[in-house]
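Student: Take a look at the following structure, please.
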Amino acid sequence: MRITIAGAGAMGSRFGLMLHKGGNEVTLIDGWPEHVKAIKEHGLRANYNGEELTAHLSVELQSEISSKEKTDLIILFTKAMQLDKMLQDIKPLIDEHTKVLCLLNGIGHEDTIEKYVSKNNIFIGNTMWTAGLEGPGKAKLFGDGSVELQNLISGEEETAKKLAEILSESGLNAKYSNNIHYSIYRKACVNGTMNGLCTILDTNMAGLGETKPAHDMVVTIVNEFAAVAKFENVNLDIAEVVQHVETCFDPSTIGLHYPSMYQDLIKNNRLTEIDYINGAVSRKGKKYNVATPYCDFLTQLVHSKEELLKAK
């Protein structure tokens, strides 16, 4: 299958590498010139569960897409605030048969995608895989993970199941979900706790879990997400979601991982996606007249940190 990874950072590199290993024709597209140059010159290098691998993949700079060949599937991994620009830039690769799978962190991205892609070709999901970048063209890929996905509108269930099958053939453990909005909110609770808290506290997830207030902070933030989700007909099982979030503390699985927001801001001095995670809950709280004080404050803290570090 001809697959384009739109946003080839840490997670895009993981999916690109695994789909390439699975026999698909993969093209990476990214906006970081040094990263694209490194992959063109040396291949995508990865520490893959302790094994050093190099994959020679097609790669293009987002602002200089030369290919006019249409793609079968686009997997969106760009940063949320860059989604609209990415979709503009990859328009030449999209036709009426191109499927678009959004696996971005956060809530409500389909509203942006619909401006460029017909609803019957849009699929949304989330992933529990983790990944890191050690530098341009160099990924660190440890642990196991999974993907859940669903068609945006009814009638495309079989296509969604086929996409899950294609991803699973490359070891990505994908499955069809008939309630993806629940899964997206559940995953957003992971990001809404681990990302902001680890970034502000300058620790990995296991370190956060060792602090005495960690459990109370997780419970409070999950309750804020759940209160907003209820207004969108998503009823989170709060106890189950809290338990799920706190599995991230385990150092024998992914606890030693630094979340993507930490990598963006603390390691790479980049702006974060906080406005699409806790910030989204904060905005929706105002819309639905629901108090979200922890999400409000965490959003302000992260933006303050961005300013202090002069993130770009």
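Yeah, the Cβs are placed from backbone N, Cα and C, and that goes for glycine too.
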Student: Quick check on the annotation: Swiss-Prot has Asn191, Asn195, Ser260 binding substrate, so which of Asn24, Asn47, Asn49, Asn105 does it put in that site too?
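Tutor: My reading of Swiss-Prot gives Asn105 as the candidate in that site.
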Student: Which residue of Glu273, Glu306, Glu307 does Swiss-Prot report at the same NADP(+) site as Gly7, Ala8, Gly9, Ala10, Met11, Gly12, Asn105, Ala131?
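Tutor: The record-listed residue among the candidates is Glu273.
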Student: Spatially, and counting Cα to Cα, which of the binding-site residues is closest to Asn191 (substrate binding site)? Options: Gly7, Gly9, Met11, Asn105, Glu273.
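Tutor: Going through Gly7, Gly9, Met11, Asn105, Glu273 one by one, the Cα closest to that of Asn191 (substrate binding site) is Asn105.
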Student: Cβ within 8 angstroms of the Cβ centroid of Asn105, Asn191, Asn195, Ser260: which residues besides those meet this for the substrate site?
Tutor: Gly106, Val190, Met194, Pro259, Met261, Glu273, Ile277
Student: In whole Å, how far does the CA atom of Lys187 (active site, proton donor) lie from that of Ser260 (substrate binding site)?
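Tutor: Per the Cα atoms, Lys187 (active site, proton donor) and Ser260 (substrate binding site) stand 14 Å apart.
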Student: Might you list, by sequence position, any residue in that chain lying six or more from Gly9 (NADP(+) binding site) with a Cβ less than 8 Å away from its Cβ?
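Tutor: Sequence-distant Cβ neighbours: Asp30, Trp32, His35, Phe77, Lys79, Leu133.
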